[in-house]
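Features reported for this protein in Swiss-Prot:
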DOMAIN    150-190  domain 'LRRCT'
MOD_RES   ALA2  N-acetylalanine
MOD_RES   SER56  phosphoserine
REPEAT    49-70  repeat 'LRR 1'
REPEAT    71-92  repeat 'LRR 2'
REPEAT    94-115  repeat 'LRR 3'
REPEAT    116-137  repeat 'LRR 4'
Amino acid sequence: MAKATTIKEALSRWEEKTGQKPSDAKEIKLYAQIPPIEKMDASLSTLGNCEKLSLSTNCIEKIANLNGLKNLRILSLGRNNIKNLNGLEAVGETLEELWISYNFIEKLKGIHVMKKLKILYMSNNLVKDWAEFLKLAELPCLEDLVFVGNPLEEKHSAEGNWIDEATKRVPKLKKLDGTPVIKEDEEEES
């Protein structure tokens, strides 16, 4: 099998293609590398100005080496092999959007560090119980959640009570699975 692409190699390809220096860039796209990236290695720490980093559609198993990304606001890790959220604490103070659909995440341990997270797209993962889902209520800014395709959502959607049950547990949500959340008791604001 072909050797995995390293972050360093992916960054130098990106630099060739865009003509920008990775250390200066605000947005860096390293998605769908051939062969895929398997590790978030220490080369990421050079991306001090990066606000949006895309590493989707690779074979990454662990979130790591984000400590140098002091300005990171959007992290895209969809379609990888990520099993947990460890490693996010390094960007807990800045990250506003986490796109992590199509992975193998079962537990949401570690999500509570995301003090500014507004948007969480984590469809098609493996979360199956309310105890895990409840950890999302600890996120003070979360307002847009996509959770479709997790066993928990599939079970309750089949029973017809997903939106009610989910919004009861995470009452701050404004949007769930792409649909605006309408609260019955809210008065029309004029």
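Positions of Cβ are set from backbone N, Cα and C atoms, glycine also.
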Exercise. Going along the chain, which residues six or more apart from ALA2 (N-acetylalanine) have their CB under 8 A from its CB?
Worked result: PRO35
For this session: For the domain 'LRRCT' (150-190), could you work out the same-chain residues 6 or more beyond its ends whose Cβ comes under 8 Å from its Cβ atoms?
Result: 122-130, 132-134, 136-137, 140, 142-144
Exercise. By DSSP, what is the split of the repeat 'LRR 3' (94-115) into helix, strand and coil residues?
Worked result: 3 helix, 3 strand, 16 coil
Exercise. Over the domain 'LRRCT' (150-190), what does the predicted model average in pLDDT?
Worked result: 88
For this session: Over the span of the repeat 'LRR 1' (49-70), count residues by DSSP class, listing helix, strand and coil in order.
Result: 0 helix, 3 strand, 19 coil
For this session: With an 8 Å cut-off on Cβ-Cβ distance and a minimum sequence separation of at least 6, pull the same-chain contacts of SER56 (phosphoserine), or say none.
Result: TYR31, ALA32, SER76, LEU77, GLY78, ARG79, ASN80, TRP99
